[in-house]
Amino acid sequence: MAREPLARDLCISVCICILLIAHQSTCFYLPGVAPEDFWKGDPLRVKVNKLTSTKTQLPYSYYSLPYCRPKQIVDSAENLGEVLRGDRIENSPYVFKMREPQLCNVVCRLVLDEKTSRVFKEKIDDEYRVNMILDNLPLVVPIRRLDQESSLVYLHGFLVGLKGQYSGMKEEKYFIHNHLAFVVKYHKDPELELSRIVGFEVQPFSVKHGYEGKWNENTRLTTCDPHARKLVTSSESPQEVEDKKEIIFTYDVEFEASDVKWAYRWDTYLLMADDQIHWFSIVNSMMIVLFLSGMVAMIMLRTLYRDISKYNQLETQEEAQEETGWKLVHGDVFRPPSNSDLLCTYVGTGVQFFGMILVTMIFAALGFLSPSNRGGLMTVMLLLWVFMGLFAGYTSARLYKMFKGTEWKKISLGTAFTFPATAFAVFFVLNALIWGQRSSGAVPFQTMFALLLLWFGISFPLVFVGGFLGFKKPAIEDPVKTNKIARQIPEQAWYMNPVCAILIGGILPFGAVFIELFFILTSIWLHQFYYIFGFLFIVFVILIITCAEITIVLCYFQLCSEDYTWWWRSYLTSGSSALYLFLYAVFYFFTKLEITKPISGVLYFGYMLLLSYAFFVLTGTIGFCACFWFTRLIYSSVKID
């Protein structure tokens, strides 16, 4: 019977998936990336997004605060990823006219009461930022760096307000940013009067506006006046937030011509501070890991070549019996492990993760997942996860049949449920906590139903289809026969203890990604853009190599010490890197974040626990597949009498 190794089938499956999706991508349209041209005087409608805070990690709708409202609030169309991110994009009363500057436009007047003043103070305390969008560009606040006068740092959104003290007073007061000085940067067509928006900036001010007489729609302010060309400056008296206080919201709009072309307008947002350190760290990490991987590969190839040559030169049965090492356990090395069903389930789920991440990174590295397509990355990952269920079912069923299993439906059910059910249960609990805080980050019931529909309506059947196809295939044959009676495992040295070996094995894979992990966590929890997918793809490849090599090395040492229980050990060796990932997440929480609310802390550790669990399944599967290929290779290369 022809042998069909599992690793080859996995490779073929992933390649077919990539080709299919790449073929479909030729006619795939990414919303939000088509340029829009504006004539002079065309209306520019500013949209508002969620209020965000790095201190609470709980987003809120813009109109959860008593800001000025348009006559009718209209929600913009949102994709699944936007809803899961907590985005709530709505229209606003801020309307500009292209290339027509405006001074001191009054938006509305608001008289605070006890409730509204308390809400504003809470958001100022938690350092919430207001996010706006114009022509699909997020609003930024330019701040000059102290160490480099010519360099600017762009912060996303402006603060709701600030806390401060009047001169000579100890009592701390709350001040709201009620005047916004917008700057819209545009790139003009040299031949036509058409322009494209390439930048959207703001400078917020807190101004206690004054006026004469009683307030009406035609009242002229004394603090800023478009007729007298009087602008708001930082020297004005700030607007205090207190009960019965009157707040007048105003804005200016200035238009600046820019040499930046529309295709490069996102560079401002993506080229953040400390970019040189970022690049250097990634390159340095890659060089170290590649050097270590090269050394490991060289040692392994030389050692194995010598062993195989020596074993094949043995002439007599007596000589073979005198030998020690990995050849002696050939009759037990392919003995099915305990809890083999669970191992099949986890390997299948790991293949599902691997396919999802690989295809997502290829698309992102090629530029298909533009940051202007908000929520696109999360939507694509969810859909790919669902469709990769086919390969998960196929892999788990093939491995299950190799272990002499007969109930492929049971293993398919386990593959379809084990990880998704755990993740959904944690997600549901965390979502209930967010819902209790009345945050816009809470996933609505309709979206929750859509997620269940994706799981049970698409992923679940595909896992069973894959399981059926995988079980129909001939069973993978072992290169050597398994003895009926299990061989006794000799006493192992302390450093070959399973716990010790497993913990050591996770260090190198984690070392390959921990620098990049810092920037990924920063983008998630400090609300920064992350768009260096080319480097991330290289780091992912290095992660695969290191997971495979460290597992093979430790598996080789394990077999040389006549311990043949490598199945679960190979999975846990590289999978233990998830433990270091979670420990790093704990370190990051206490050193980089300023989260003080218990609910926010529970959300952070809940989501990081899910991320670590997913990382365990992914890296464990990579290590297992590498070890599976390695053991089949070496035992099929020697003569077994």
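A Cβ is built for glycine as well, from the same backbone N, Cα and C atoms used for every other residue.
TrEMBL annotations: computationally assigned, not manually curated.
If you check TrEMBL, you get these features:
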type     : residues : note
SIGNAL   : 1-27     : signal peptide
TRANSMEM : 279-301  : transmembrane segment
TRANSMEM : 343-369  : transmembrane segment
TRANSMEM : 375-395  : transmembrane segment
TRANSMEM : 416-436  : transmembrane segment
TRANSMEM : 448-471  : transmembrane segment
TRANSMEM : 492-525  : transmembrane segment
TRANSMEM : 531-559  : transmembrane segment
TRANSMEM : 571-590  : transmembrane segment
TRANSMEM : 602-630  : transmembrane segment
Positions on the same chain near the transmembrane segment (531-559), where near means CB under 8 A and six or more residues out: 266, 270, 278-279, 282, 285-286, 289-290, 292-293, 296-297, 299-300, 303-304, 325-326, 329, 333, 357-358, 361-362, 364-365, 369, 371, 496, 501, 504-505, 508-509, 511-513, 516, 519-520, 566, 569-570, 573-574, 577, 619, 622-627, 630-631
The transmembrane segment (343-369) and the transmembrane segment (492-525) contact flag, 3+ Cβ pairs under 8 angstroms: no
Considering the transmembrane segment (375-395), which listed stretch of 416-436, 448-471, 492-525, 602-630 counts the most C-beta pairs under 8 Å: 448-471
Leading contact stretch, 416-436, 448-471, 602-630 vs the transmembrane segment (492-525) - CB distance under 8 Å: 602-630
